[in-house]
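Reading through the structure tokens given below for one structure.
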Amino acid sequence: MKNILTLAKRETRRFRSRFTGRSRLIVLLILAISLALSYMVFQQGVTLSKDIYTIGVSPDGPEILDSRFNVIALDRPTGYQMLYDKTIDVFIDGDLVKSRYDGRSLYAAGALKQYFEKEEITRIKDQYDIDKAFPLRIEINYLSAPQGSQSGPGVSTPLPQASSTPYVPSSYPTLIPTATPGTGGSAILSPTGTPDSTDDAVKKQIEKLESGDMTNFKAEFVSDKEIIVPSLMNPPVPLAQVIIAFLYIVPIFFISIFFTSSFMEEKTNRKLNILISSPVTPLEIIIGKLLPYFLFSLALTIGITLFLNGDLLLALAIFIPIILFIFSIYLMVALIYRTYKDQTFFSMTAITFVTGYLVFPALFTGVNKLSYISPLTLAVEMYRGESFGIMEYLFSTGPMYLVFLLTMFLAVRMFNEEYLMSYGPLYRKIADAIYLAINKDHPYVSIAVLSALIIPAVFMVQLVFVALSVNLPPAYTLGILLLLCVIVEEIAKSAGIAMLIENRRAGSVKQVAFLSFFSALGFLAGEKLLLFLSLSVLSSVMLIDAMGSANLLIIPLIAHFVFTLIVSLTVFKFRIRSYPFAIIGGSLVHYLYNLYVLGMI
């Protein structure tokens, strides 16, 4: 511990020396502007796409008051001609909206439709009294389960069979009209809830509508006897909360760049060689250099949370794994590369992928539970005042903790002068890192553990593929996504075995077969553990079904073993140069297997 604190103190002095004179003022100014802009967005919302659509309106058309639209008054012939020439996106001819069939015009028409729907709700509210304006109101009632029912894994209650004879009631209810002077009889139907109570609920939702906070319906957060109005419901898009959550991430990226630059500077100047030769362990060196930057990030997280009146302990629980995850990515960049050019390029690439991984799922907070893939979803719910369980927390942050632990293990194994000072392409440096991570005295156990621990990284890469696949044609999305995922899986399972074969640590077909089996076993164990954790968050019914079919795991184990064996034996037979072709062969068989399981072939 003393060595770690000494190294951390030294690193702090080096970090402070970077900010002298004008540079300190510039950095503080940039941070202040970023904080101010983000706070304004959080308080007032964000105005996106101002004047992005140009629409023409005829003289007898409606008035458009929306910043998204650049409105031009046009007569009818000119409007249609400009629409045909693609000078304008939409033309409003009286009460008709005319658009083209290209993407931009259709998007403009969709945005215009949303605007008119909101304006129509406002008009109805102002023109009619509340009972006539919003007659449809839904009261939420929670029903208790029957006392005699049982639940649990493998327990189900059979439904009674439907009778073949139609049910005929013995009597029919009669509606007795109440006589009213001067008129005929009229029926008086009394609703269950009182009008005053439902009117108050509607008024509250209208106030939220007028303030810009559209009501978001989430069944799991609706209280008993609560009144909702379907026409005021809107899918939740937590843009402001995502931006404010991302405000935490920007300083972490900023500080991690300084961490990587400091590491690269000492590696280039060979000062790390002196530290390696000193009586300190690689783990102490890494933690000592990482600790000051981690504490700086932690201090910024605390400051931002207090400034925004957030829950401090909850914010720390959410953002500590994110901080560790980001620093683990940048630590690997610093260890693998020796030049500032390569470090800068791959640092920016890392920012792109990490940003997509964190932000994209959080945009669907409240829409789909898959949004819990990103810990920023937890931050969004924190600022919404919503709660989440321990399983949601583990599902969001567990992979990040595991990636950090795996990175620290790899970093300690890679922390030697020969590796740090060597040059080579990316695939070569990664291959050497994998070989260094394997315990040569216990190769089977080491391969199994490595395959299991790499699951979170595979999961994150596959999620990035899912995010990118939304831009593909729907007819090809599933096929391309499956192909990319199986390629990543086969690389993860076979990379360690290929390195042992290349370095002549696996010299027989029998040994390669055993390595393939243990790799498949470790990968399947990690994969199913992550699957059960995911299903516990997404659906308890699916989890029970998955646990009930656990005895069928032998089939995917055999499948993973066969796929890995194909790749490994190809490399063993034709050497490491054949590895790309071996991956293609194993992935193709794996791909066809998945298509068969899905019933597509």
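Backbone N, Cα and C define each Cβ position, glycine as well.
Residues or ranges marked as domain 'ABC-2 type transporter transmembrane' in TrEMBL: 200-412. Sequence annotations record features per position, and here TrEMBL assigns transmembrane segment to 239-264, 285-308, 314-337, 344-364, 393-412, 444-468, 474-492, 512-533, 553-572, 579-598.
Long-range contacts of the transmembrane segment (474-492) within the same chain, counting only residues at least 6 positions beyond its ends with a Cβ under 8 Å from a Cβ of the stretch, are 451, 454-455, 457-458, 461-462, 465-466, 523, 563-564, 567, 583, 586-587, 590-591, 594-595. Same-chain residues lying 6+ beyond the ends of the transmembrane segment (553-572) with a Cβ under 8 Å from its Cβ atoms: 490, 493-494, 497-498, 501-502, 506, 509, 512-513, 515-517, 519-521, 523-524, 528, 578-579, 581-583, 585-587, 589-590, 593. By the count of Cβ pairs under 8 Å, the stretch nearest in packing to the transmembrane segment (512-533) among 285-308, 393-412, 444-468, 579-598 is 444-468.
Only pairs six or more apart in sequence are counted, and the transmembrane segment (444-468) with the transmembrane segment (344-364) gives three or more Cβ pairs under 8 Å, enough to call it a contact. Beyond its flanks by at least six residues, the transmembrane segment (285-308) meets 3-8, 10-12, 15, 35, 39, 42, 244, 247-248, 251-252, 255-256, 258-259, 262-263, 272, 275-276, 315-316, 319-320, 323-324, 327, 331, 383, 408, 411-412, 415 of its own chain at Cβ-Cβ distances under 8 Å.
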